[in-house]
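Undergrad: One structure coming up, written as structure tokens, with questions to follow.
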Amino acid sequence: MLCEHREFSKLKCEQCGKRLWCRGHMRRHWRAHLQVLVYSHPCSECPKAFKRLRSLRQHIKVSHPDKAEPRRCRFCLLAFSSTDKLEYHERKHTGERPFVCATCGNAYISDYALKQHERLHDPPEDAFTCEICGKCFAFRNYLTQHRKIHFAEARTEKCHLCGWSTYSRAVLKNHLLTHSGEKNVTCEQCGRSFAHKALLHDHRLRMHSDTKPSHLCTYCGKTFATGTSLRRHIALHQGLRPHECTLCGTTFAQRYTLRTHQWLVHKLLPYKCDTCDQSFKLKNEMQRHRVHAHLTAADQADDTDSQPN
């Protein structure tokens with residue numbers, strides 16, 4: 001038997017000189033050589049060959065990963081793990097946009113980008129709707145960006161020092177104190193000073209155990225300083241929208257969002273002075289108006305009446 005093996009081992013491939021044990025192995029070996037003659041892309045690491053260069057590269061990547069050549073961008077030489085990624089990258093250099101929307105003709109760099117765009121023409125049933133103006137969006141992130149526009153419009157009070165803006169003149173006044181460097185309120189527990197009371201309040205909640213938030217949301221684990229804040233937060237989890245616009249019937253999860261909707265969409269200023277019927281966007285603006293415009297005038301009238309003739 002050993003002699004037979006030795007005899008078979010004398011079988012030698014005339015093409016490459018490789019020795020094989022038996023004629024069956026030799027026939028399979030010769031098929032590989034014939035394949036190379038038919039297929040124009042042979043593998044340099046094994047007898048396999050391929051009709052397409054792309055198939056050869058995929059084979060080398062899977063079977064001989066240590067021999068795979070990186071796919072490099074012809075413009076910047078950046079390497080990629082796949083041909084698809086390389087082609088997508090090179091389009092950024094060339095400006096090529098081969099994926100065209102059949103509805104509007106807009107062109108895109110990838111099939112994925114085109115499909116995302118096409119959803120805008122035919123929004124799904126679960127489209128995301130802006131609760132302020134009613135505009136629909138195919139994706140939540142589009143709605144999020146859109147809502148920022150509304151809230152930016154509502155932030156009409158702007159800091160002349162840094163450009164920061166807010167919806168309230170009182171909040172802006174507190175903000176300006178941070179620029180002055182003055183710290184007029186002090187924490188009685190640790191002695192740290194702050195520019196205004198709101199910052200002191202936040203400090204107490206965060207730093208001192210007896211005032212740390214104690215109201216826990218069972219949905220997400222977030223804690224709140226008051227039960228009212230917790231209930232308002234839980235309403236968001238439960239999808240509750242208890243605040244209804246009396247002008248159009250649209251409902252909102254938060255009172256602030258309702259007021260923003262009424263101000264931007266219906267141009268409604270909800271707080272009216274009962275003395276002169278002038279309207280205001282915020283309650284504290286109305287109160288400040290009453291103090292300066294009406295109470296001061298009344299005091300002046302009293303002073304005039306009390307003067308001797």
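Glycine residues also receive a Cβ, built from the backbone N, Cα and C atoms like all the rest.
Sharing the feature lines straight out of TrEMBL:
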type	residues	note
DOMAIN	11-33	domain 'C2H2-type'
DOMAIN	41-69	domain 'C2H2-type'
DOMAIN	71-98	domain 'C2H2-type'
DOMAIN	99-126	domain 'C2H2-type'
DOMAIN	128-155	domain 'C2H2-type'
DOMAIN	157-184	domain 'C2H2-type'
DOMAIN	185-213	domain 'C2H2-type'
DOMAIN	215-242	domain 'C2H2-type'
DOMAIN	243-266	domain 'C2H2-type'
DOMAIN	271-294	domain 'C2H2-type'
Undergrad: Considering only Cβ pairs within less than 8 angstroms, which of the stretches 71-98, 99-126, 128-155, 157-184, 215-242 has the most against the domain 'C2H2-type' (271-294)?
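TA: Top-ranked stretch among 71-98, 99-126, 128-155, 157-184, 215-242: 157-184.
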Undergrad: For the domain 'C2H2-type' (243-266), name the stretch out of 11-33, 99-126, 128-155, 157-184 with the most CB-CB pairs under 8 Å.
TA: 128-155
Undergrad: What residues in the same chain, six or more past the boundaries of the domain 'C2H2-type' (157-184), come closer than 8 Å to it by Cβ-Cβ distance?
TA: 193-196, 198-199, 281-282, 284-285, 288
Undergrad: Please give the average pLDDT for the domain 'C2H2-type' (41-69) in this predicted model.
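TA: On average, pLDDT over the domain 'C2H2-type' (41-69) sits at 77.
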